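J.: According to TrEMBL, the protein carries these features:
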type: ACT_SITE; residues: B:K180; note: active site, proton donor
type: BINDING; residues: B:K81; note: NADPH binding site
type: BINDING; residues: B:E165; note: L-homoserine binding site
type: DOMAIN; residues: B:113-285; note: domain 'Homoserine dehydrogenase catalytic'
2 protein chains.
Amino acid sequence: MTAFADSTGAAVDADGIDAEAALEHKERVGSVGEADAAAALGADYDCLVEATPTTLGDAHPGFEHVEAALERDRHVVLANKGPVAERYDDVMALADAGAGEVRFEATVGGAIPVIATIEGMDPSHVTAARGVLNGTANFVLSRMAAEGLGYEHVLAEAQDLGVAEADPTFDVDGTDAALKCAILANVLHGGGYSLDDVDVQGIRDVPSSALELAAEDGRTVRLIGEVTADGDVRVGPRLVTEHDTLAVTGTQNIVQLETTNAGRLNISGRGAGGPETASAVLADVGRLPER
Amino acid sequence: MTAFADSTGAAVDADGIDAEAALEHKERVGSVGEADAAAALGADYDCLVEATPTTLGDAHPGFEHVEAALERDRHVVLANKGPVAERYDDVMALADAGAGEVRFEATVGGAIPVIATIEGMDPSHVTAARGVLNGTANFVLSRMAAEGLGYEHVLAEAQDLGVAEADPTFDVDGTDAALKCAILANVLHGGGYSLDDVDVQGIRDVPSSALELAAEDGRTVRLIGEVTADGDVRVGPRLVTEHDTLAVTGTQNIVQLETTNAGRLNISGRGAGGPETASAVLADVGRLPER
């Protein structure tokens with residue numbers, strides 16, 4: 001690691017940065033180093049890991065970070081969904097124009113290797129994808145069903161447990177799952193999708209009575225995101241049978257891929273978390289060609 | 001495709017073989033072409049796809065085919081389990097000595113990308129693996145549990161359906177699953193394992209009364225293969241809860257990977273079949289570096 005930035009500062013050293021020391025500096029001073037955060041972008045590196053928070057629309061400033069790296073023929077690994085959900089075509093045009101590659105396994109399904117699996121099968125052999133892509137919403141729905149509790153109660157509990165953020169809007173309104181679906185649609189169809197193309201419905205309005213009715217029928221409700229065989233992209237609460245493969249519990253994520261030659265593939269695991277995201281980022285770094 | 005061999009003949013043409021024509025030739029004459037089967041090994045090619053039947057011990061003749069290709073600095077993609085289950089260290093020594101790479105996704109879990117997923121996480125970050133790796137045994141156990149029928153009855157039914165072979169020994173005695181576990185152990189531990197290192201028990205002796213007793217307790221029996229964190233490898237019938245992720249039904253396969261940074265990953269899908277195997281082989285071909 002030759003450069004390491006947070007929102008207020010950066011450590012830059014072409015001879016390598018000691019991660020422990022940088023983190024200790026952040027603990028003590030509030031930033032990972034004394035340099036200007038922007039200085040990290042000009043550093044000497046082979047691969048930029050872009051992990052600033054996801055933003056919508058122009059995906060600023062993540063997009064500009066990606067742009068700066070690709071224009072210098074550097075590789076980019078994204079943990080930030082914005083650039084590939086909202087500006088996929090722009091990102092790929094920049095990558096095509098230079099020698100750098102862009103990878104983004106960490107943006108969909110946390111540690112689950114969804115993108116690599118699609119890539120391995122060849123996107124043209126994957127006809128549809130669906131799954132549970134937001135752990136917070138899934139935690140809320142599974143707790144509501146298991147305990148017969150209302151949405152507001154379970155959400156507050158999830159916030160206490162650190163499973164839901166103080167502002168859970170992105171998760172419970174389906175925006176986070178929709179961004180992931182836009183990314184999957186871009187991978188399956190070679191681009192063309194952004195959040196605007198996703199039909200999104202969240203879980204705020206799912207009453208506990210609906211979960212009770214579903215349970216009487218051996219079913220439950222999950223927030224399912226999908227890219228259909230027709231290329232439609234949607235996210236919303238759906239009825240699934242109680243022991244369906246899609247009915248993962250807690251903060252688990254699952255992705256189902258429909259393939260032309262290998263039937264249905266299911267991949268499930270932890271969809272979020274620091275180590276999980278780091279694991280996906282490092283897997284992507286390992287897949288990059290030598291510069 | 002520049003060469004294409006079956007057990008009795010081969011088609012060899014450096015300008016490319018028409019697959020349809022070769023298959024039609026096989027239908028009509030009994031072999032894919034007029035050339036000697038051995039001639040295919042001397043052909044001009046970049047990658048050898050070794051798909052002869054799995055044999056134990058010295059893995060003959062698959063091993064020699066792999067050896068011939070690697071000694072010519074050609075890549076090898078295996079659908080045949082023998083060379084990587086029984087002679088992994090020999091195969092890797094040959095690969096290390098030359099410019100060819102060896103891949104073998106199709107040997108474990110059919111279309112499920114198990115090997116690629118382990119590779120992506122880095123084998124050193126995968127501490128254990130377990131799963132249902134034989135569709136025939138799983139079909140028999142799930143039918144026995146669902147219908148309350150005996151082993152012999154369900155096996156005969158599976159043979160009628162083409163799910164079990166006329167000689168199902170490899171499947172029901174656990175040998176096939178054990179070979180797959182030896183391959184997984186080799187990948188996780190960098191070699192050193194063969195069938196002899198696997199503690200194997202099959203499903204022949206599972207009485208339907210055991211499945212009934214298990215069901216009364218909300219459980220069922222599956223033939224589970226595992227590579228433990230201690231490096232032990234074993235295959236045998238195990239009790240699992242009825243709706244456990246491992247309790248896949250019919251001919252499905254599932255693999256669970258325990259990882260240091262990403263918790264547990266589950267991958268399930270079709271574990272066998274022609275198109276599924278071909279899909280895994282082609283995915284491997286796509287992962288090879290240019291020669």
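Glycine is treated like the rest: Cβ placed from N, Cα and C.
TrEMBL annotations: computationally assigned, not manually curated.
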J.: Could you tell me the C-alpha distance between B:K81 (NADPH binding site) and B:E165 (L-homoserine binding site) in angstrom, no decimals?
T.: 17
J.: Just how many other Cβ atoms lie inside 10 Å of the Cβ on B:E165 (L-homoserine binding site)?
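T.: Result for B:E165 (L-homoserine binding site): 12 neighbouring Cβ atoms inside 10 Å.
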J.: Please report the distance from the Cα of B:K180 (active site, proton donor) to the Cα of B:E165 (L-homoserine binding site), rounded to the nearest angstrom.
T.: 18
J.: When a 10 Å sphere is centred on the Cβ of B:K180 (active site, proton donor), how many other Cβ atoms does it contain?
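T.: Counting Cβ neighbours of B:K180 (active site, proton donor) within 10 Å gives 27.
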J.: In the predicted model, what is the mean pLDDT computed over the domain 'Homoserine dehydrogenase catalytic' (B:113-285)?
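T.: That stretch averages a pLDDT of 95.
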J.: How many other Cβ atoms sit within 10 Å of the Cβ of B:K81 (NADPH binding site)?
T.: 25
J.: For B:E165 (L-homoserine binding site), which of the three DSSP-derived states applies: helix, strand, or coil?
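T.: For B:E165 (L-homoserine binding site) - judged by DSSP and reduced to three states - the answer is coil.
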